[in-house]
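These features come from TrEMBL:
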- 85-522: domain 'Major facilitator superfamily (MFS) profile' (DOMAIN)
- 21-44: transmembrane segment (TRANSMEM)
- 151-168: transmembrane segment (TRANSMEM)
- 180-198: transmembrane segment (TRANSMEM)
- 204-225: transmembrane segment (TRANSMEM)
- 237-261: transmembrane segment (TRANSMEM)
- 267-285: transmembrane segment (TRANSMEM)
- 351-369: transmembrane segment (TRANSMEM)
- 381-402: transmembrane segment (TRANSMEM)
- 409-429: transmembrane segment (TRANSMEM)
- 435-457: transmembrane segment (TRANSMEM)
- 469-491: transmembrane segment (TRANSMEM)
- 497-517: transmembrane segment (TRANSMEM)
Amino acid sequence: MQDYEESVSFLGTWGPFQKRTFFLLCLTTIPSGYNLLAVIFLLATPPHQCYIPDNSNLSQDWIQTSIPVQVAGQLERSSCSRYEMDLVQNLSALGTRPNLDLIHNLSGPEFLLSSLKQEGCKDGWTYSTEHYESTVVTEFNLVCRDQWKQPLTSVVYFLGGLFGCFISGQISDRFGRKPALFGAITALSIFSSALAFAPSWPVFTMLFFLLGLGQITSYIVAFVLGSEILIGSTRVLFSNLCLPWVYVFGMMVLPVTAYLVRSWRHLTLTMAVPGLACIPLWWLIPESPRWLVSRGRFQEAELLLRSAALENRVEAPHVIFLSANVEKATSEKAESPNFLDLLRTANIRQITFILWLMWFSLSVSYFGLSFNMSGLYGNPFLNYFLVTAVELPAYAASWLAARSLPRRLSYISFTLLGALALLLIQITLYSYPTLTLTLVLLGKFGLLAGAGVLYMFTGELSPTVIRNTAMSSCAMFSRVGSSVSPYLLQLAVFNDFLPWIVVGSLSVLSVLVCVFLPETFKQPLPDTIQQMALTQRFRWPWASMPLSEDDGKSAKDQTTTPEIICTTHL
C-alpha cells in the first residue's frame with residue numbers, strides 16, 4: 001500500500017472534491033476550539049466578600065467596617081472573613097462609632113477594630129458583577145475553604161480529554177474516522193447543554209469530565225481525516241495553517257460570546273450551538289478512503305474515489321488498486337490494530353516514547369504559560385481575545401516552515417526559540433515589565449509554532465492502520481501535561497522563577513529527544529507498521545534531509561526485510 005498516493009493521483013490535489021472536504025473539515029473544528037478553555041469563564045472567580053444580612057440592624061458606619069481591611073500591596077477588603085457579627089451588632093446598638101480612618105489611611109488609633117475577633121463568612125458571600133452575572137464559582141461558592149474545588153474542576157476537564165483520546169483513537173482506527181469525529185461533536189453538544197441544568201458542583205464536575213471527552217478528540221480525528229484524504233501541498237496547507245486557524249477562530253469567538261452572555265448557565269447552552277450546526281455535515285464529509293483500504297474494504301474505497309472523480313470531472317482508471325496491493329492489504333487486515341501495537345516492535349516503541357515525551361513537555365509549557373498569563377490586568381474578555389489572537393501568526397509560521405523545511409529542523413528551531421525566551425524571563429521579570437511581556441509572547445509564539453509542526457510530524461510518522469490511535473495517545477499525554485499545568489504556579493512558593501524555569505527546561509528536553517526521530521519531509525505516508533521509518537542515532541537536523549545512495553531505497557523496500565517482519569510478528 002506504499003503507492004496509495006500514486007494510485008489516487010488521478011484525482012489531482014485541488015479539485016471540487018478536495019475543496020469541499022477541506023472547507024467542511026475545517027468547520028468541524030470550531031466546536032472543539034470554542035469549548036477548549038471555556039473553563040476560564042465558567043470557573044471565573046470575581047472579587048467577593050462576606051455577606052452582611054439585611055436584617056442585621058447595623059448602622060451605616062458599621063456596615064462599611066464589618067469587613068476587615070487587609071494590606072497586600074494595596075488596601076483591600078478580606079474575601080473570607082468578617083468581624084464577629086454578634087459583637088458588631090452589640091457595638092452598633094450601643095451607638096459606638098468605628099474608626100473609619102483605619103479604612104482610608106490607617107492613621108487613627110487601633111484600639112477598637114484591631115481588638116475585634118473575626119469569623120468566617122457564615123451567611124455566604126457577595127460577588128462583584130462587574131464582568132460576570134454568575135459563574136460556577138459564585139453559584140456553588142467555590143471560594144475560601146472550598147477554593148480547592150475550582151482548580152480540581154479544571155483538572156477533571158482535562159482528564160476527560162485524556163480518557164477521550166484513549167478510547168477515540170481505537171474507535172477511529174477500528175470503526176472509521178467519521179463515526180469518531182461526529183460522535184465527539186455530538187458529545188460536545190449533549191454535555192455542554194446538560195451543564196446548564198447541573199444542580200450541584202459534583203454533578204457539574206461529572207458532566208464537565210464528559211464534556212472533556214469530545215473536546216480534543218474531535219480536532220484530532222478531523223486532523224487525521226484531512227491528512228489522509230488530502231495529498232501533497234494541500235495536506236500541508238490544511239494541517240499546518242487552515243485547520244489550526246479555524247480552531248483558533250473558534251477560541252476567539254468564545255470571549256465575544258462570554259461578553260454578551262454573562263450567565264454561566266446560558267453560556268453553556270450557547271456552547272452547544274456550534275456542535276449542533278456541524279451534525280448535518282455527516283452527509284457531506286466522506287470517510288477516509290485510505291483507512292478503508294487499510295481495513296481491506298476496497299469496494300467502498302473505489303466507490304468513494306470514483307464518486308470523487310466524477311465530482312472533479314476526471315476519468316478514473318479501470319483498476320485503481322493493483323491486485324498485489326489488494327492481496328497484501330487483505331492479509332494485513334487479519335490483525336485488528338489496537339493500542340498495544342504502538343509498543344509492539346522496538347522501532348515503533350522508541351518513536352512512540354519520544355513523541356509522548358514531546359507532547360507532554362509542550363503541553364505543560366503551553367498551558368503553564370497560559371495560566372501564568374492569567375494575571376493580566378484589564379477586561380478579561382479582551383485579554384483572552386488578544387492572547388488567543390497571538391496564535392494566528394504562530395500557525396502561519398509553522399505552515400511556511402512545513403512547506404520547505406524538514407520537520408525536525410522546524411520543530412527544533414521554533415521550540416528552542418520559545419524555550420530560550422521563557423528562560424530569559426527570570427532576568428527581566430521585575431526590572432523590565434515591557435521586555436518581560438515581549439518575551440512571554442515570543443515564548444508562546446515559539447511553542448505554538450512548534451506544536452503546529454509536531455501535529456504534522458506525528459501524523460507523518462504514524463502508519464495508517466494505527467494513525468488515529470497514535471495521534472490520540474499523544475494527545476492523551478498532552479492532556480496529562482495540561483492536567484499538571486494548573487498547579488505549576490504553586491512552584492512559585494519556593495522560587496518566583498521556578499515556574500518559568502520548569503516550562504523552559506521541558507521545552508529544551510523535547511528539543512533534545514527530537515533529534516532521534518526520523519525525518520518525514522517529502523516522504524510518503526506509511527500505511528503499515530513495517531513501512532515506518534527507523535529511528536536514528538544523533539544527527540544534526542539539517543543532515544537528515546537528503547537520502548544517501550546507500551539509503552536510497554524506498555520505505556517499502558526497506559521495510560520488507562526478514563528482520564523487520566520477524567520483529568513485527570514477535
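Just so it is clear, glycine is given a Cβ too, placed from its N, Cα and C backbone atoms.
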With a Cβ cut-off under 8 Å, give me the same-chain residues at least six positions beyond the ends of the transmembrane segment (267-285) that come close to it.
20-21, 24-25, 27-28, 30-31, 34-35, 38, 41-42, 178, 181-182, 185-186, 188-190, 192-193, 195-196, 225, 250, 257-258, 261
Report the listed stretch (21-44, 151-168, 351-369, 497-517) having the maximum count of Cβ pairs within less than 8 Å of the transmembrane segment (237-261).
21-44
Quick one: find which recorded stretch in 21-44, 180-198, 351-369, 469-491 has the most Cβ pairs under 8 Å with the transmembrane segment (497-517).
351-369
By a Cβ-Cβ criterion of under 8 Å, what residues six or more beyond either terminus of the transmembrane segment (21-44) are in contact with it?
131-132, 135-137, 142, 150, 153-154, 157, 181, 184-185, 188-189, 192, 195, 208, 211, 214-216, 218-219, 222, 225-226, 229-230, 234, 238, 242-243, 246-251, 253-255, 258, 264, 267-268, 271, 274-275, 278, 281, 284-286, 370, 374, 380, 384
Looking only at the domain 'Major facilitator superfamily (MFS) profile' (85-522), report the model's average pLDDT.
81
Contact ranking winner - 180-198, 351-369, 381-402, 469-491 against the transmembrane segment (151-168), Cβ under 8 Å:
469-491
At least three Cβ pairs under 8 Å linking the transmembrane segment (381-402) and the transmembrane segment (435-457), pairs spaced 6 or more in sequence?
yes
Cβ under 8 Å to the transmembrane segment (351-369), counting only same-chain residues 6 or more beyond its ends: which ones?
342-343, 415, 418-419, 422, 440, 443-444, 447-448, 450-451, 454, 458, 461, 470, 473-475, 477-482, 484-486, 488, 499, 502-504, 506-507, 509-510, 513-514, 516-518, 532, 535
Same-chain residues near the transmembrane segment (435-457), Cβ under 8 Å, at least 6 residues beyond its ends:
223, 227, 236, 239-240, 244, 358-359, 362, 365-366, 369-370, 372-373, 387, 390-391, 393-395, 397-399, 401-402, 407-408, 410-411, 414-419, 421-422, 424-425, 428-429, 503-504, 507, 510, 517, 520
